[in-house]
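Pulled from TrEMBL, these are the features on record:
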- 93-264: domain 'Amino acid permease/ SLC12A' (DOMAIN)
- 387-664: domain 'Amino acid permease/ SLC12A' (DOMAIN)
- 678-796: domain 'SLC12A transporter C-terminal' (DOMAIN)
- 809-882: domain 'SLC12A transporter C-terminal' (DOMAIN)
- 93-112: transmembrane segment (TRANSMEM)
- 124-149: transmembrane segment (TRANSMEM)
- 169-194: transmembrane segment (TRANSMEM)
- 222-239: transmembrane segment (TRANSMEM)
- 245-264: transmembrane segment (TRANSMEM)
- 385-405: transmembrane segment (TRANSMEM)
- 425-446: transmembrane segment (TRANSMEM)
- 525-543: transmembrane segment (TRANSMEM)
- 549-570: transmembrane segment (TRANSMEM)
- 582-599: transmembrane segment (TRANSMEM)
């Protein structure tokens, strides 16, 4: 036995098929010959494997640069364009991640966080942030090892895992986070420059005791803008210069960190000689005076010190009017760095959160509480902002970001699927250990008031972490400055390329211009936009305010990385086969929870804004309709959710409270495969308003094998019309040999499980009496019968061409409901649903019911009003009394005409075998018609039809089958019988003249005519008329009577329903 797999042209090009068992040579030869046509258009296995082996990853955002370089090289020499990737785990992932994770927060804010939150809460902050990034790194490793990840980083992973909508939204959030990170690094560099490197370079100076903050912000804005312009120019000139300086910047970071550890170890025996001047228990700014004393001895004379003159501006030592707090408290000096063996760790264990302008105080020192003048507040070290645990979380989290650096370089790695997980997780482990140890070392070595001193005012404007470093504070100052500059350059380099990658995917139309750049592919326009957005961060001019902003965007990105991994793991899609095995969906969900928690802990309003931006981008991409099929997991998630929901719907029938019309709209196509009555879709759109199920079906008459192209064209035409009419639903086109069979199939088989239609909408068969083909009304009646047999509701809009479009608005008017037969309340529900649409919203609802002579019309009106009150429907109620009257001559004549026409058609039918027999006998076939009354009757009633169309569908089936020759042996008895039949033919037609109509038909016709008169009289000015109709007759012989009765009853148009 041999198992073959036949190639399918619609299959995925990367799917590979195999033969099972052995095939002998002759069979293999014949098989290859049979596939000769396929081999002409499909690749051979050998060439396919060759392309897979030679696959090279082109970095997203640099494709044009790659092509330009390739063209230049091919013109000069024929050497290969790019070398094989040869970067290992250390150089390709570990060190780049270290450089991106370590940054400005470690050097400028970690000591302040430890002093404010205390060692215990600082460890909690570090643990929360590092745990979040570690869980995200595990999820990212699983995604990155599930195939090749180009240099789109998080954007590529999320978009290919969760679809273009999520990918575009999170990609832009990641881009904004990277851009604001550049602004944060630049602000950090400027703060180091103006505070510690060259304070004399400040342009703006404080004009009063409280003007220092505003002057500093203005200086940050000016120098930050200049620095941003210079960095953007460097990036524009060439990225290669940035890459060459990367190793220098990394060396600065590593040396600075080692100097901190060296200084902490040295402080055990030889602490640095930095002191803090305390007035009582308050910390003084050390750069505002020379000696920490109230008086100094000059020669043999005691004179006021510079500090004295600051608190006592006038008079000498004995007569001056000094600050009360200064007069009542003593000055003391305490070591700023007591050292690792001092035991200061117990004092720094718990936090001391402060409000803005609160003075730094040391709890262990004695102090006499006294108020002093406001001018003296400038002498103390005060808090520049109000602090809280949540604020510190938002400020610290950027120091844990940067874990995507390894995945961004996957195209340059020798073995990306091994290096990315190992390098990233090792880098996070290393940085986490550094952060944990730094928190403990800072709390164990540095005095608490110095830790809470953000800018080092208490230690003579020195960088606080620099006072601990060895051999000199300048190591930290210079190293941190270059590390922040390098990180800013890296961000300005990566952000434009990320934006270019998003723009080149063409999922956000208005970003398309940013996909272009210079001739070599450099993203010029993207760099310009990045500079503009980074300038907004520079204008904020506060590192503490910018950090939470980028925390939101990075947390949003990490949130969706975890979501992507969790979705792929739970769905167990066939292509989810990551080489990294140490992941689990529970870890991904925990990472998601931590990301959301950190977002709202950091800043709930920033979190809402970030989610709002991502949501708007998502809806915009969804509205624009990004036609990208990346095999994302959201589609698989939707399928799983749909399957679960369908299985739940199968449990039992829906409750009446949840009942709503689930429509099957039957459309008719014209000869050009266009929708013949598009207003049916308008009616469905206004009735449903996007809620519930809508299936639009149509039938094409013919053979499926020959009509497949017409089926696809009809389906596309219907989908286009559904989009125009804003109908949210599904389309199904079937091919059947007969239209009524196709409609029956649609009624039976549309829907899936519990998600099936309960209402059929179809158009009225216009011109059925003038048509030469009776199949139109026969198909209509057959559809009514099928709907009734399936226990479905039926709605038939009449005069649907005059139905209002979705753009019209009725400012007044009525929707009239003629409630003739109780239908369970559906007729009351239809106008309520229509009034939810803006077209009918301002229309009033009127309900008419019919009372017979023996009914109490007053009581009926009260009962109907009570019934509507219980249904919570506002409507006017009117009861119409139908009086018994004599049957008019018109009604009698109309009924007589209807029955005569039916009788005549029955007498004129011949089977196929009889006609063949007449032809084979050689005699002509003739109708003997009385040229008097019958001819005039047929002419007056528009009932003259061709002989070839007088047969029912069943008879047409016989006619369409191949005719067989009939060989007959004519006996004498058969000839006499045939002669008698033709002799009696005129007598059969004469019976039509004396035919009397059935009294039940006359009564039914009379009721229809009278009710139509009342409806036209009462509802002639209504916008829409709704009424229910009787079902089809049990006897199929009365089909024509049925449709004529319905036509008379609805002569004014409207929508009738049959439930």
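One is the number of the first residue shown, and numbering goes on along the chain from there.
Cβ coordinates come from backbone N, Cα and C, glycine included.
Not measured: the values here are computed from a predicted model.
Averaged over the domain 'SLC12A transporter C-terminal' (678-796), the predicted model has a pLDDT of 86.
Contact between the transmembrane segment (169-194) and the transmembrane segment (549-570) is supported by 3 or more Cβ pairs under 8 Å, counting only residues 6 or more apart in sequence. Among the stretches 93-264, 678-796, 809-882, the one making the largest number of Cβ pairs under 8 Å with the domain 'Amino acid permease/ SLC12A' (387-664) is 93-264. Using DSSP to sort the residues of the domain 'SLC12A transporter C-terminal' (809-882) gives these counts of helix, strand and coil: 24 helix, 20 strand, 30 coil.
A Cβ distance under 8 Å defines the sequence-distant neighbours of the transmembrane segment (124-149), meaning residues of its chain 6+ beyond its ends; these are 55, 57, 113, 117, 156-157, 161, 389, 392-393, 396-397, 399-401, 403-404, 407, 410, 416-417, 420-421, 424-425, 428-429, 431-432, 435-436, 439, 555, 558, 561-562, 564-566, 568-569, 575-580, 582-583, 587-588, 590-591, 594-595, 598. Residue counts of the domain 'SLC12A transporter C-terminal' (678-796) by helix, strand and coil are 53 helix, 24 strand, 42 coil (DSSP-based). Among residues of the same chain six or more beyond the transmembrane segment (222-239), those with a C-beta under 8 A of the stretch's C-beta atoms are 182-183, 186-187, 189-190, 193-194, 201, 203-204, 485, 488-489, 492-493, 496, 522, 524, 527, 530-531, 534-535, 538, 541.
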